[in-house]
Structure formats: structure tokens, C-alpha cells
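Novice: My questions will all concern the structure given below.
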């Protein structure tokens with residue numbers, strides 16, 4: 001009997017990766033190492049910014065938002081993935097699967113919205129430096145951050161809510177993790193509404209982030225070209241490069257995941273793309289921003305007891 005057509009229950013089976021036995025534990029330890037790096041780097045950034053009052057500024061508050069988001073997204077994904085890699089059964093309850101899908105999609109949507117806010121912050125700082133203090137106040141950044149999280153939770157709640165209403169006729173999650181598409185594929189009901197809202201959700205999120213960030217960087221580039229200031233160009237290059245690189249990586253891996261869901265002949269490639277969507281930004285965020293931001297870098301080095309000689 002096909003296990004994918006058995007009577008559904010609250011216990012689901014994760015399809016997972018097809019891994020040779022000799023690679024099972026090396027891969028699990030590699031993911032453990034990556035997860036520990038994510039924990040140490042992001043918690044370290046949050047701790048330094050929280051402890052240092054001079055870092056209680058809009059830009060660093062946004063750094064904290066990214067780090068919290070990365071911690072949430074990878075804590076939901078990686079520990080469970082490591083267990084499933086070394087396990088022979090790969091079982092998960094339906095409620096746990098729904099929770100994983102909810103937090104995973106919240107991570108993705110919040111990443112886009114937080115990066116939009118960061119792009120606006122850089123635009124004001126570079127193009128309107130004299131107004132930066134009055135526009136990007138702590139209260140404004142907190143309100144924008146709260147709005148980003150609120151919109152993400154609302155959109156994802158509707159997305160997952162449309163899925164959990166469906167009756168299930170299958171019990172095998174055809175993925176290495178739980179996401180919305182994998183959940184509604186467990187149903188034999190009409191999923192047209194799920195596909196329509198999922199497409200609407202994706203188009204609105206990706207289009208709005210691409211439009212806002214493209215417009216922002218176009219305005220920044222235009223101002224730099226008009227003013228022809230070497231100092232302004234260096235500031236824009238230093239503060240914007242990391243943001244743009246991270247956004248492009250997230251956009252590329254996100255597109256790969258969405259597109260590959262439509263091509264069932266490449267299941268492992270889709271699973272890898274989704275893991276990279278979580279892992280790469282979470283590892284690069286604290287490293288790139290610490291390297292790009294001298295003040296934050298010096299504070300982190302001081303925490304680890306290294307003597308820092310200020311730049312002349």
C-alpha cells in the first residue's frame with residue numbers, strides 16, 4: 001500500500017533527504033556546527049547592542065531585528081532537520097508541522113520587510129543627513145519594526161489558516177521540512193483558494209520589496225552622482241553594499257524555492273535552496289554588518305577582550 005494514501009492521522013512522516021548512510025552523521029554535525037555559529041554570532045550582536053547604550057540607535061535596532069529573525073527562523077528549522085537526518089522514522093505531529101510552517105514563513109516575510117526598512121534608513125542617512133535625527137527616531141524605528149512583524153504575522157496567519165481548514169487524506173510530507181505548500185499537498189480537497197492567496201502573498205511581498213529597494217538605491221545612486229562627493233560615495237558604498245548583497249542572496253534563494261515547488265522532479269534541489277535561504281543570511285548578517293560598521297566591530301572586539309586601536 002502506498003504510505004502516502006493511508007488514513008490520515010495526527011502523526012506525519014517527513015520525506016527528508018535521500019542520504020547515503022556514510023554521510024548521515026557528517027551532514028548532521030555540519031548542520032550542528034552551522035547552527036552553533038548562527039547562535040553565537042547573532043546572540044553576540046544582540047548582547048553587544050543591548051549592553052552598549054551608544055549603540056541604541058535606529059541602525060543598530062534594525063540589526064537586532066534581523067538577528068532575532070534569523071535566530072527564530074533557524075531554530076525552527078535546523079534542530080528538527082538534524083534529528084530527521086539521523087532518524088529512520090522522521091515523524092512529526094500535525095500541530096508541530098503547522099507551527100514549523102508558520103514560523104518559517106514568518107521568518108521569510110519579516111526578512112523582506114525588515115530589509116525594506118533598512119533600505120529606507122540608509123536612504124535618509126545618505127540623502128538627507130541633516131534630517132536623519134528627526135526622521136529616524138527610536139520611536140519611529142520601533143513602530144516600523146513592530147509594523148513589519150505585525151504584517152508578517154497577519155499575512156502568514158491567513159496563509160496557514162487557509163491550509164489547516166482542509167481535510168487531509170495523506171500523511172507524508174513530501175519535503176525535508178514543513179511549509180505551507182507541503183501542508184496543503186496533504187489534502188485531496190480543492191486547493192484553488194490556497195494557490196490564489198499563496199500567489200498573491202508571494203507577488204505582493206516580493207514585488208513590494210524589489211520595488212522599494214530598487215527605488216531607494218536608485219535615489220541613493222542619483223544623489224551620489226549629482227553631488228560627486230568622494231566622502232558621500234564611500235559612505236554609500238560602505239553602508240549599502242552589505243545590505244544589497246544580503247537582499248540579493250535572500251531573493252535568489254527565495255525565488256529558487258518558489259520555482260522549484262512547481263518542478264517536482266527536483267525535490268532535493270528545492271530542499272537545499274530552502275535551507276540556504278535560512279542559513280546563508282543568518283551567518284552573513286552579523287559578520288558583514290560588524291565588518292562594515294567600525295563602531296560595532298570595535299565594541300564586539302572589546303567584549304572579547306581584544307585591544308582596539310581607533311582608526312586615525
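A Cβ is built for glycine as well, from the same backbone N, Cα and C atoms used for every other residue.
Okay, these came from TrEMBL:
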- 41-289: domain 'G-protein coupled receptors family 1 profile' (DOMAIN)
- 27-50: transmembrane segment (TRANSMEM)
- 62-82: transmembrane segment (TRANSMEM)
- 102-120: transmembrane segment (TRANSMEM)
- 141-162: transmembrane segment (TRANSMEM)
- 196-218: transmembrane segment (TRANSMEM)
- 239-260: transmembrane segment (TRANSMEM)
- 272-291: transmembrane segment (TRANSMEM)
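Could you give the neighbours, burial and distances for every feature on this list?
Specialist: Residues 59, 62, 65-66, 69-70, 72-73, 76-77, 141, 144-145, 148-149, 151-153, 155-157, 159-160, 177-180, 201, 205-206, 208-209, 212-213, 216-217, 243, 246-247, 250, 254, 277-278, 281 of the same chain lie 6+ residues outside the transmembrane segment (102-120) yet bring a C-beta within less than 8 angstroms of a C-beta in it.
Within the chain, the transmembrane segment (196-218) has long-range Cβ neighbours (under 8 A, six or more residues past its boundaries) at 109, 112-113, 115-116, 119-120, 122-123, 155, 158-159, 162, 180-181, 240, 244, 247, 251, 254-255, 258.
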Novice: Which whole number is the mean pLDDT over the domain 'G-protein coupled receptors family 1 profile' (41-289)?
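Specialist: Taking every residue in the domain 'G-protein coupled receptors family 1 profile' (41-289) and averaging pLDDT yields 84.
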